[in-house]
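J.: Following this message is one structure expressed as structure tokens.
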Amino acid sequence: MVRTIRSLYGGLKPEGWPSAAAGSPPQGFPLAGAGSFNNNNNHVAPGTGGGEARRLAEAILRSSGDFMPITCSSGGGHPYGFFYGESPITAYPFTLFLLEFSFIVFTIRVVRFLLKPFCQPRVIAEIVGGIIIGPSLLGHNKKFRETLFPDSGQFIIKNIGVMGFMYFLFISGVKMDMTVIMRRMGKKNLYIALVGVVLPMLASTAVAFALRSSMDEELTKISSIGEIASSLAITTFPVLYHVLKELNLLSSEVGRMALSVSICGDAIGMNAVVAFEAAIQAEVKAMNALWFVISLIGLGIFMIFGIRPILDWIIRKTPEGSPVDQAYVVAILAGVLSIGFLTDMFGIAIANGPLWLGLIIPDGPPLGSTLVERSETIVMELLMPLAFAYVGLYTDVYSMAPAWSSLRPLFYMTITGYITKLFSTLAATLFFKMPLRDSVALSLIMSLRGQVELLLFIHWIDKKTFHKLQIIKKPSFTLLVLLTTGVTAIATPLITMFYDPTKPYMVNKRRTIQHTPHSSELGIVMCIHDQNNIAAFINLLELSNPTSTSPFSIYALHLIELVGRAAPVFIDHQQQSEPFKYPIQDYDTIHNALMLYQETRGEFVHVEEFTTVSPMRTMYQDICELALGNKASLVILPFHKESLDGPGTEFVRQGVQSVNLKVLATAPCSVGILVDKGHFRNNPVTSSFRSSVVYNLAILFLGGADAREALVYADRMAGHPDAMLTVIRFLAHNGEGDDEIEKKLDDGVVTSFWVKNEANERVVYREVVVSNGDETVAAIRAMNDGSYDLWMVGRKQGVNPVLLEGLTSWSENRELGIIGDYVSSADFGSRASVLVVQQQVLREQKTAGSQLERLWSSISSSSAPS
């Protein structure tokens, strides 16, 4: 029995304590919190005598026959500074923790940067960073381990790491909207999930029983085998969501399907995990399983009927459009720790409570979005690195070799589960006649592993108080971590290879204004961010001159950034039978304006309304899908900068520029970007185009496919009785730099335009010959007399480079092209709005080099932090 020191000074002495003067401490032994005394009984600053005191204590215990290492420290305070000869790392735990924290975050950041080009998800970089810190690599060096990560310092890291996992699952629960995902479920997704869970569970269980005789004692139990087999069969929603978000697949068809399948699979698999967890509890004492189930049910009832009404009350008290009060946010975030305490106290596993609490919080604004916005950065960037460091400190590859004979059954069991999961999901999707590449991509997605699995492994190894409850030891833990890392690291790049979310938009048929006959319907997708866009858009539609022979079908898409929820939502308001619970800002204003315009234009215009709630990174997929499904010829996007009251008062929409660039790169039709300067904005209800408003339009024709599309669009506008159109064609001096094919195509379109409008007194056509970009800019400046309301220009395709010579480094907004960016800039000094047009790019005309460039760009953007 180890004899303990009950008092360091003036108290009881254990047997064998060295002789000393009554009431005085042993020489060199520390006073609690007050430093120590040297041999001359002089006080020494904290941190300078701890090593002697520790050696003295160890010597005393060794002499008594029992030895237990004792760590002696001052327990607080801050160092005087290394100038005094003290070591703040060894003597002050908090100072050591600051260094550990900084080193962990820095290491993981470096690994993320290095793995970014290889299309590895963030979770892989974080796991690898944790392993580097642990005993598998840097921690294997004794000096490094004892200096930077001693046993006393790991305690804080592990506890804060568990808190990181708790808040990670809480935020994931807040983002999950079960109603929306389950609404998409369908029998197909249900059967795929069922096959993808049941078959791997049965296969891995069969392998485990076949090799049961050579397993570790803890793994031979039926309950342990069942719990591990269940965990191998499921793909958890929190893991899937974050990887799909990084790969820009949340709004894709396969991404939406994967989220639905994972929810169903989680429901099946987690119930099995809970059942086997109860069985493990029963192995200690039969009544423990009963109390485990009662605690589980009781906690669920408390959350649904106790906590949920309070959350609803908070939402009712929050004014519409306002964030939730800070006091409520703090109370809920503190409640995560309280719920974790209750679940840990009842033996339900500490992470269950935070996840359930997140699930009962209404997602989206105001409560869900506020919680996510104010906590996600701290959780993901500060707490989760410590969680992965916790995993890395437990992972020791050197412990595997001596125990390989007992690890081999677990290895075969795990590999069997992963392979069966992959092929069973693939078989189920092919049975439902999904395309092969989509089936392979979905199967790989359902094979992903991450944070939740790591937390389960920690739960299994951490049950050391009761040996019967422990499922795995350190070698088994290390094996499972490495296999989890390997399967996700392999699957993620393969997903990007097999599935391209933009492929459905790669149509072979021309869908442009130029190739749409004037006698047929013109489909236009109009993208709206808020009510500030609507007036300028309606004016543009009116100028586009819908007629009885060429009516317009307008597909108005309201774009809302996804905040505080995980699953994107696409709403067709024509088929929405009941109000959507996600509040749509400015919806009534936008809806009323569109309906009034439709009534005013009668049979010439038909308007359909849609809303997408999705991340900015995948919003372009909803835009392109709507254009593809309705065979639209034009998508009109608002520029990401908007002049509210003329020059000098710009409003910038974050993330919109990225959306516009992706639409330009992938759209199945032509695209127009409207830079609204405010002057073009008029109330379409109180102002009549035909009676009082005349619009002066100018088109700058520099040649190429985009310029031809802009000219054909302007030709439609020329038919409007209140539109004045000026066309300026720029030609290179002596034809220098001209592409013969492009020149002939330009001549054909210009000739057709002029023959049609030669007698129209409201149309002016001029040609300007220039030798370089400076002369082009000078000619455009000469036109800027303040009389124009709208400038139209092609973006960049097929422009003679001589016309832009010397201007290529000037452009700041790539989506507008060089001339479009110049005309819309404050330097140009025009209050007129600008419409930049890009003609549809047929994807099969792209060269292999440009396709590789596009793929690399997609990989780089998907690996960037959100």
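Glycine residues also receive a Cβ, built from the backbone N, Cα and C atoms like all the rest.
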J.: Could you tell me which of the ranges 256-276, 697-717 is annotated in TrEMBL as transmembrane segment?
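T.: Per TrEMBL, the stretch marked transmembrane segment is 256-276.
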J.: Apart from its near flanks, which chain residues at least 6 from the ends of the transmembrane segment (190-210) lie with a Cβ under 8 angstroms of it?
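T.: Those are 219, 225-226, 228-230, 232-235, 261-262, 264-265, 268-269, 272, 409, 412-414, 416-418, 420-421, 424-425, 427-429, 432, 442, 446, in sequence order.
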J.: If you count Cβ pairs under 8 Å, which stretch among 89-111, 152-170, 328-357, 410-434 touches the transmembrane segment (222-244) the most?
T.: 410-434
J.: Looking only at the domain 'Cation/H(+) antiporter C-terminal' (697-840), how are its residues distributed among DSSP helix, strand and coil?
T.: 61 helix, 34 strand, 49 coil
J.: Are there three or more C-beta pairs under 8 angstroms joining the transmembrane segment (152-170) and the transmembrane segment (479-499), sequence spacing 6 or more?
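T.: When sequence-distant Cβ pairs are counted, the transmembrane segment (152-170) does not touch the transmembrane segment (479-499), since fewer than 3 lie under 8 Å.
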J.: With the transmembrane segment (152-170) as the reference, which stretch in 123-140, 256-276, 288-307, 328-357 has the largest tally of C-beta pairs below 8 Å?
T.: 328-357
J.: Kindly report the helix/strand/coil residue split of the domain 'Cation/H(+) antiporter central' (554-679) according to DSSP, in that order.
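T.: Here the numbers are 40 helix, 39 strand, 47 coil.
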